[in-house]
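First the structure, in the form of structure tokens, and then the observations on it.
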């Protein structure tokens, strides 16, 4: 059947709700009433393709209807003089140097990864790459921040085993990313049982483009031709955005059908083809066919340019020849790009597509006016006002701020810190990520200067940020870091988000760069609940306040709601991807100790608070009070560490696992031990000083020959000399009493193999 009419004008409220459920539209009663009223005004009943197109455009995933009000309120006007495009197209664009710009974006692929972990994660990588490519940029780096369930437990109330999800997600990222030739260089992995049924897969991509080759995601002029380039169109991914805009309840045939099928062997030539065409200057506009498929891509692109479109689906190459018109229109089949060219350039674009063995279809024409018409087999299946399609309802949802009591629960001190330390380094959230990251190719393209690990051969440790050299003839580099602190945000959404951003800044600064831009992926539960909406609003407010304070542009973002299962929400998880600039990549710093007899300094005021720390959580303490980070102190750290970089041999921020894990990881990268005394850090208990994770602290390794200059120049900051490097043991004392004395290798062995049983 090509199409059928739906008699919506005669439907009552119950009929409208039943129709929304029956067709998988995920529209509310009020939204269905608005659709009914539109067609009453038009004097006709809709065709099925029109109803599905509206549902796609009005989905939470595509329209941001629950978040747009607050995003505009708090994140507008966060541009800088070096911002080229922010919150306008498929990705953000920021100046790199006088001739080039870098392009960046982060997206979530959460619901698909919960139902089909391998495929969901793989298509998340493919989609984020196309978001960057459609701006005309060559992808140069992939990023993925993963939030997984409790893989250590065999008991779970979830759709799938958390361990199965974890292994599938990593496998999907590995197989897609490695096959398209883009290095996977940065990210994070965090574990908590709240993610058992709702894993979070936040994928990011960075690209590089000449400024005169930036492509917009909005139509250029009437008369241009719309083309479809890439893979074939099938039934995979139908209603994908509707599925991602609702609460996950069970795995069904419809939910599996909503998962897109990725094919990196098509993605790579598609990427090469459109970049080749862009280099020739024939692409006037371009948009990735991701969520919502052709329906969303075509509607959004022509509407953004102030035009309409006349489209025919007859030339589209199909996987299933019996597909109906509405299925073709909303299919979310992957590896497809909507391209706009001048009429005289159609044949040239076709030649390029055929050269790369890609499917090529002529869709139609950009026209004056605000109407979109779509035909299939000589039948008109869509004839609608684009403004109605693209202007989904915007909700100012009510919210309640969390009432945070200023109380802190203090866990008891370990009886034996040596035994405790050996167990602590092997915990899921402290252990090495080698088992995950070594599956990814992080050196392809030959531009990775500092990878996700750094250190001496066979003694690598975690990097704070990675460093990419995008251009062959320039030493200027990009620094990349990504992650979230849901353990903090769940206690205090505002201060916890500030802590997430503070850590990102310290990661960039520790590696030798200066923060330059921000993108986010905001993952929360059901926005129809006021407490969840309160988490979201406070988190977005924090991002706005922080970025204004530090003059950082927020250039792109993504919101993922409805991450709940059986009324259990995930921890609020605002993931931040931050990019920094370094003028000379040869000056980049790494995290591992470089030599014996170096002086170890702690920079920044101690937070002295265990709330949200891994130490507290392993003692089953999940509440508390989180002090706001001192942002003025952080600004001074950026200035001083950047200005006096030659004094610093290595640096590592204090975050997950506290001061203890920061020092241990610095030791793990070279095998060089250390001897420190906690007495000068603060007056708090030893466990608080060792395992507190909040605040702005950074550990610095200082060459003794520069120590005098260092202390003089850093006198405006809180700095404490806590010890020196040397030997092959980790020795921690306090006021002359020994607390920890262990071989570096013994601790490293536990840390390195912490994930072995799970992946």
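Keep in mind that glycine also has a Cβ here, set from the backbone N, Cα and C atoms.
Among the candidates 130, 529, 589, the residue that Swiss-Prot annotates alongside 108, 109, 110, 111, 260, 332, 333, 334, 560 as binding substrate is 130. When the candidates 64, 494, 592, 601 are compared with the ATP site entry in Swiss-Prot, which names 105, 520, 557, the shared residue is 64. The Cβ of residue 109 (active site, proton acceptor) lies under 8 Å from the Cβ of 120, 121, 123, 124, 127, 201, 203, each on the same chain and at least six residues away in sequence.
Closest to residue 288 (Mg(2+) 2 binding site) in space, going by CA atoms and restricting to the binding-site residues 110, 130, 332, is 130.
If you draw a 10 Å sphere around the CB of residue 107 (Mg(2+) 1 binding site), it holds 26 other CB atoms from the protein chains shown. Put simply, 61 is the one of the recorded positions 61, 107, 558 whose Cα lies nearest to the Cα of residue 332 (substrate binding site).
In this structure, residue 334 (substrate binding site) belongs to neither helix nor strand by DSSP; it is coil. A straight line from the CA of residue 558 (Mg(2+) 1 binding site) to the CA of residue 108 (substrate binding site) spans 7 Å.
Residue 110 (substrate binding site) falls within a helical segment according to DSSP.
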